[in-house]
Structures are given as C-alpha cells and as structure tokens.
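Single-structure report; data block below.
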Amino acid sequence: MNGSGSQGAENTSQEGGSGGWQPEAVLVPLFFALIFLVGTVGNALVLAVLLRGGQAVSTTNLFILNLGVADLCFILCCVPFQATIYTLDDWVFGSLLCKAVHFLIFLTMHASSFTLAAVSLDRYLAIRYPLHSRELRTPRNALAAIGLIWGLALLFSGPYLSYYRQSQLANLTVCHPAWSAPRRRAMDLCTFVFSYLLPVLVLSLTYARTLRYLWRTVDPVTAGSGSQRAKRKVTRMIIIVAVLFCLCWMPHHALILCVWFGRFPLTRATYALRILSHLVSYANSCVNPIVYALVSKHFRKGFRKICAGLLRPAPRRASGRVSILAPGNHSGSMLEQESTDLTQVSEAAGPLVPPPALPNCTASSRTLDPAC
C-alpha cells in the first residue's frame, strides 16, 4: 500500500523502541494469516465450482470468475509479504519483490473495481433489457471485457513499478516510496479517482437504476416466476459484493487523502488506524466467497460437492447407465441458473423428477437412450 513498504517498520521501531511488547507484531500477523487462509480456500473453491464441468459460460459467471482470480492473486502474492511489515524491521525479500508486490496490490485492486463496475452494467442490462441485451451479453464479449479490464488495470498500476525501491535507512533495509512528494500525491489521487471513486459512481448509478426498475415494474404474473426470482437473487448477491468492496476500501482511501490533504501525525493512534485500514481492505479479498455461500444455494451445493470429493476416496468405475444419468445432476452451473436465462425451476423439476417414459419406446431402443 502507499507508504507501507517502510513506514510500517519505521513506525514499529519508533513506537515500540522502548523494548516493550509490541502487540501489532503478534496480532497483525495472526489476522493476516486468517485472511490468507480464508481467502485462499474460499476463492479456490469459487474457481473450482465455476470451472467444474465448464460451468463458467454465462457473462455473470465469467465476471465472478475474474473477480475470484483477482482476489486469489492478491491473497497469494501480496498478503504474506505485507504481513512481514509489522513483524520484521527489515525488508528481506529483495529489490524485485519490493516493486512487484506493490505493483500487484494495485493491479488486482484496479481489476477488482473494474470487474465490479462491469458486472453492475451486466446486471442492469439483464434486468432492464433481457431480450435486447442478449446479443451484447455473450461469453465472447464478456471475455473481451475482461481483457480490457486487465489492460486498463495494467495501465493504471504500471507506474507503481517505479514508485517503490529498496534502500538502506539507519542500518535497515527498507522498501519505501522513491518518488518525490508531489509526484506521489498526484499518483495517489489518480489511483483514488480511477480505482475507487469512478467505479463507485458507476456501481451506485447502475444498481440504483436496477433497483428502481425492479420495484416500479413488478408484474404480479411474472414476479413469482423462477426466472424473475433468480435474477433478483443474483442481483442482490452482486450488490452485496459491491457494497462490501466500497466499505472495505473506503478507510484506506480516506486515510491516504488525510495524509496528503489533511493532518495525519505519526502517533500510536494513527499507526493503529493505518493497520486497521490495511486489514479491512485486505479482508475484502476473502469475504466474497462467504457472500456467495450465504446468498446462493447453488454455490453452497457446489462447495459441498467439491469438499465431499476431496474428503472421500476415489469411487469405483461406474456402470454405463450411471454414467449417463450422472450429468443430469449438473445440468446447470452454480450461478448460471440464477443469473440470466436459466431458472431455479430447472433444478426443481429436472434432477429431482425423472422424465416420463415415452409411449413409443420399443425393445429396439437402447437401454442407454436417455429418452427411454
């Protein structure tokens, strides 16, 4: 984060220089370890559920998959290194990682915010123009949008490759900002505008219009249909994810603005506040799988299937009849049935109710023919 490369070590040494016990040296790594564990397992499960059987085929699924990739990259590539700031006085990972870690932090942050903005537009089109938007909301266009998202993220985070550097300071090896104060202030302001302020404005506008449309155009006939319930449910889930992103990253950006445009003295209280802002912003990368599990029953079922498959031994080879019937239990993706055109009705009427036998099935029909 901004200034986190060396200021953490400097503040730790300044505030804890009396030789007393430093609680942040123990408590902060524990919280980081919890974030790392929950985030790694949760996002890995999300990716496994969406990729299992090629289920990430809808636009919403692809965007959620991309969000999971960004969160997992942040957890694996950034959190372990940032945790050492509060436990070690020195930066021990070398000059290359000093630049790369901070670059990846802002790369994944931009990718997450742009993805949330894109999925908010996707939800608005799916709700407001369900028929006319089908030609636009295709997997191919979603992949193109994801490529554009990462391209923009690289563009806006690229300068951070030179923002930080490793150097010696008072017999310590530190990773600290290398730019002058005016350049850093301009860069931090641009980061706030493009990675937070503009995406939040897009999220607010699209979801406000989506909710307004949903509540003003409730049709008593179609409101209770499986398709409408599914679209409302997945929209609610994405709104929760977007709100959590805004809330989790708000303290970090507010703190940075206070440093540059207000008064932020280096005291024990402000140091604790900076640690808290880091923890809250980092925790955003592990809360999305929890939201999916709480809101989406399809994700819960997918999580249970993945966990059950990991815990139980490999099953024996199934017979031909079982192998044909098995795919029927996975006819829809975990989120696809909730997101666009597929509905929850297919789940209730498909896997649980066997299809009736056709009257013209004869002995010539093979036993493996699913129609018989």
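The backbone N, Cα and C atoms fix where each Cβ goes, glycine too.
Values in this document were obtained by computation on a predicted structure and should not be read as measured data.
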- Item | Asn11, Asn329 - the residue Swiss-Prot records as N-linked glycosylation site | Asn11
- Task: With reference to Swiss-Prot, specify whether Pro23 and Arg183 are located on the same side of the membrane.
- Result: yes
- Query: In Swiss-Prot, Cys175 is listed as disulfide-bonded to which of the following: Cys77, Cys78, Cys98, Cys258?
  - Reply: Cys98
- Note on the structure: Among the disulfide-bonded residues Cys98, Cys175, the one whose Cβ has the most other Cβ atoms within 10 Å is Cys175
- Task: Specify the secondary structure state of Cys175 (disulfide bond) as given by DSSP, simplified to three classes.
- Result: strand
- What stretch, picked from 61-81, 188-208, 261-281, has the most CB pairs under 8 A with the transmembrane segment (142-162)? 61-81
- Query: Who are the chain neighbours of the transmembrane segment (61-81) in space, where the CB to CB distance is under 8 Å and they lie at least 6 residues beyond its ends?
  - Reply: 32, 35-36, 39-40, 43-44, 46-47, 50-51, 55, 93, 97, 100-101, 104-105, 108-109, 111-112, 115-116, 118-119, 122, 139, 142-143, 145-146, 149, 241, 282, 284-286, 288-289, 292, 333, 335-336, 339
